[in-house]
Amino acid sequence: MSFFIKSKPKRGVKSKFSSKKEHTTKAKKSKPANNNDDTITSSEDEEEKQVNGNSDTLSSDDENETAQEKKLRLAKIFLEEIEKEETARLQQDNELNSDVISKRLKLDYLKQAGRLKLSVASEYVGGEISKVNILKAKEHRHAVTCLCVSSDYKYAFSGSKDSSIVKWSLTENKKLLSIPFRKKVNVDSKEVVGHSKQILCIAISFDDKFLAVGDATSVIQIWNPADLRHIGSLKGHRDSVTGVTFRGNTHTLYSCSNDRSVKVWSLDEMSYVETLYGHQDKITSIDCLTKERAITAGGRDTSIRLWKILEESQLIYNGHSGSIDVVRLINEEHFASGGDDGNLCIWSIGKKKPICLVKEAHGCDPSNLQPFWIVSIATLVNTDLIASGSHDGSIRLWHLENKLRQLTLLFQLEVAGFVNDLVFSRNGDHLLAAIGTEHRFGRWSVIKSAKNSVVVIPLTKK
């Protein structure tokens, strides 16, 4: 099967990704190489030029302001914001050196282009076990399945199998607000007050304006993170919503479901945009950064798909021997995945096979001699540090070396239970884990010694 697929839009019908009507583009021939390191090539690889070319025209809200004047005004505002941030960071009132601003602009450009790669992993030496905070709430009677963190790292939000959502203060390490379980929820009602089925995924927008929650129903509920009041409902999926993620610096939401589809939503209009098809089994995980792309794991179809929204195309990757439970982007060009085969894989978007693979990354279960599943992965975006979680009693932190082609174990953090979700704080000083007595998708195994909680782990640097 070809690894680059481009769909041809139908006339009069909104274009969708469909594996049944896909057109295959042959990959360009390259030098002889190992079959496990084949390169995916595409005429859409120059997408940055196209996007930049199409974004030159800006509409003006003011009739007296031209598009060029508006761009100049916005650029000045952006530079002023950078200068203020750097002044606060350096704690000085004197005039900033122009090199500082130039460096910041370069970093922002590389980050947006997906080419920023910071080496920070070697600075980490462990976790401060004595300062670990275990956040528990009476609402979370069952396994905590997912969590997300606000942009300023002041608040965390967690969801659990008992259909509850809790807002935590990370400065005071206590519960602030909650949305408890509701026995029956009328999604057609103007006032939705909670969830009636287990929470499976949660995400917060870049400006902390929207909190998207997916559960075992087919409806995505949108809440206000400030007071946990209901904003709206997004209907369209036909089965459990297993993943939600916001595109960086936008209010565009991507979601995936057990109905094997990926959907795109605009939360500014609280409306549906389009549906992407291609996976052959229940989709288990989804992620995105700032580009108009989404990456998904197809569970037992053993494929990972990178969806290029603008080009209406998808790239397909195969490498796991079992169900793929989680996929996370490292930067715009690389991503990590894990599944029930116990393998932790690192990928390049231009290669159809993993560029790095650690077999049985969390060891084997002595009771059945089967590998411990990789349940969760967290990446400190645009760096060489990642973390993985399983149910072997530990969270493992890894150093990506040799241009991301080698994974070296840094250290382990002891945590009992299923590590259903992992999130780094933006500055990498803390690692948050959603812990449960059972896996977020089922009850194949129950660890009675585990505590259903959110664990906040301070990380120690040299």
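FYI, residue positions are counted from 1 along the chain as it appears here.
Glycine residues also receive a Cβ, built from the backbone N, Cα and C atoms like all the rest.
Curation does not apply to TrEMBL; its annotations are automatic.
For 7-18, the entry in TrEMBL reads compositional bias 'Basic residues'.
Taken from TrEMBL, the feature region 'Disordered' applies to 1-67.
As annotated by TrEMBL, repeat 'WD' applies to 137-178 (among others). For the repeat 'WD' (137-178), same-chain residues at least 6 beyond its ends with a Cβ under 8 Å from one of its own Cβ atoms are 194-204, 206-208, 211, 213, 215, 223, 225, 227-228, 418, 420-421, 423, 425-427, 430, 432, 434-440, 452-454, 456.
Annotation source TrEMBL lists repeat 'WD' at 192-224 (among others). Long-range contacts of the repeat 'WD' (192-224) within the same chain, counting only residues at least 6 positions beyond its ends with a Cβ under 8 Å from a Cβ of the stretch, are 142, 145-152, 157-165, 179-186, 230-246, 248-251, 253, 255, 257, 259, 265, 267, 270, 440-441.
According to TrEMBL, the feature repeat 'WD' maps to 234-275 (among others). Secondary structure of the repeat 'WD' (234-275) per DSSP, as helix, strand and coil residue counts: 0 helix, 25 strand, 17 coil.
Per TrEMBL, the feature repeat 'WD' maps to 276-317 (among others). Note on the repeat 'WD' (276-317): its mean pLDDT in the predicted model is 96.
For the repeat 'WD' (317-349), the list of distant contacts is 3, 40, 113-117, 284-291, 293, 295-300, 302-306, 355-364, 370-379, 381-382, 386, 388, 398, 400, 404-405, 407, 441: same-chain residues at least six beyond its ends, Cβ to Cβ under 8 Å. Taken from TrEMBL, the feature repeat 'WD' covers 317-349 (among others).
Same-chain residues lying 6 or more positions outside the repeat 'WD' (382-408) and placing a CB less than 8 Å from one of its CB atoms are 111, 116-122, 124, 328, 330-331, 334, 336, 338, 344, 346, 348, 355-356, 358, 361-363, 365, 372-376, 414-422, 424, 428, 431, 433, 439, 445, 447, 457. Per TrEMBL, repeat 'WD' is recorded for 382-408 (among others).
Each residue in the repeat 'WD' (137-178) gets a DSSP state, and the totals come to 0 helix, 22 strand, 20 coil.
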